[in-house]
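What follows is a single structure, written as structure tokens, with notes after it.
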Amino acid sequence: MAVHPIDYRYGSEEMRRVWEEENKLQKLLDVEAALARAHAKLGNIPEESARVISERANTKWVKLERVKEIEAEIHHDIMAVVKALSEVCGEHGKYVHLGATSNDIIDTANALLIKESLAIVEKDLKELRSILKELAKKHIDTVCIGRTHGQHAVPTTYGMKFALWLDEIQRHIERLQQLKDRVLVGKMRGAVGTAASFGDKAFEIEKLVMEDLGLKPARITNQIIQRDVYAELMFFLALVASTLDKMALEIRNLQRTEILEVSEPFGEKQVGSSTMPHKRNPIRTEKVCGLARVLYSNVIPALLNNPLWHERDLTNSSVERVILPESFVLLDEMLKVMKKVLKGLEFFPENIKRNLYLTKNLIMAEPLMLKLAEKGMGRQEAHELVRQLAMKAFKEGRDLLEVVRKNEEAMKYLTENDLEGLKPENYIGKAREIVENVVNYVEEMERRGL
């Protein structure tokens, strides 16, 4: 029976499969099998025993139901796996889990789950990057009003908006490469990290296990891999979520009825409200913003998991059972929703232009001030004069440039040609070059495989 929305509502089947019980059990069995193979290579156990253990360390032989049955009796999840695997291996079962402590298996298996999950996240980030890159190129010259403090500021372009997000997604992709080096690690170090239970060949055993599984050995551990590693992982997931939250929030705001410059896609048969038939609510981007709040909240317990008693206690375990699958599945949902939204983003060019001129050239106050300073008026004096003229234009509902034309002090410095040149479309500075620089950088990273 599904209870949590990640079981049935959020995330892809691909990501949910990573964290479902059967796959988690399989990863534990994979680690046990790799340990047996390492022992056999070093002559610690018979090769035939390693072969049998490896062959039967899968969920076709070791049933989840049997593991749960044993755990209900002995109240120890990993020992339940060990007993269930030993049962199906017959006389070879005595070599299962040789030298290991529970978290040798758990933490190494977690690294395998995280590796699978991060591969999905990376794929989605790269697909999102491609979508944003095309949007930045397509709208490099789409001039719109920039807003600061929710108020009209000066012109920018939609190319700038998309390139800003593109650059941030690229940083996440680069962060992910660095993160893998620290997160995709396992351990075979025993109860307190000294590896005493593995004897003289402890390092060789660990090296063989990690090479077999495609992981790196942690440099030092106590009973567990230190949870600063997981905290960094959780912060990365939350940081990606914050970028998606930022993008979704901007689209939601730009879809407001009074603005309506862009809109998330709306299906032909889609219903916006149960009582208001006309509604086109931004439910996809609202969902992204909502799920981000859960991702943010999961960072705190990850930080609290780092300080544990002595060589470890168990307070981290129950937390990680919740926050790891939940965070990966929810981020997976957010990434896939944002890909869909951006692919189908609707633009309303007439509204973009209307909003650009909505303030009757008040947004030209900055270039007007700079033009006066260029013509010989002191910069501070020009600022105060334009401020007064802008406030007058605002109060009287008049065009700023018309007010300027009737001001003797301003017109001592300005010509009609100066005023004619003050058009929003002309005041975007180096926007095109900035967007091109971002796109060029991203394309270079793509060529490098980053």
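Just so you know, glycine gets a Cβ as well, placed from its N, Cα and C.
A 10 Å cutoff on Cβ-Cβ distances gives HIS149 (active site, proton donor/acceptor) a total of 6 other Cβ atoms nearby, all chains included. The active site, proton donor/acceptor feature in Swiss-Prot is assigned to HIS149 (among others).
Its own atom aside, the Cβ of SER273 (active site, proton donor/acceptor) has 10 Cβ atoms within 10 angstroms in the protein chains shown. What Swiss-Prot records for SER273 (among others) is active site, proton donor/acceptor, and it gives similarity to another entry as the kind of evidence.
Annotated N(6)-(1,2-dicarboxyethyl)-AMP binding site per Swiss-Prot: 9-10, 75-77, 101-102, GLN223, SER274, 279-281, 318-322, in sequence order, evidence recorded as similarity to another entry. Here ARG321 (N(6)-(1,2-dicarboxyethyl)-AMP binding site) comes close to no residue that lies at least six apart in sequence on the same chain with a C-beta under 8 angstroms from its C-beta.
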* Express the distance between the Cα positions of SER102 (N(6)-(1,2-dicarboxyethyl)-AMP binding site) and SER273 (active site, proton donor/acceptor) as a whole number of Å. => 52
* Structure fact -> Cβ-Cβ distance under 8 Å, sequence separation of 6 or more, same chain as LYS279 (N(6)-(1,2-dicarboxyethyl)-AMP binding site); the residues meeting this, in order, are GLY272, SER273
* Do any residues at least six apart in sequence from HIS76 (N(6)-(1,2-dicarboxyethyl)-AMP binding site), in the same chain, have a Cβ closer than 8 Å to its Cβ, and if so which, in order? -> SER102
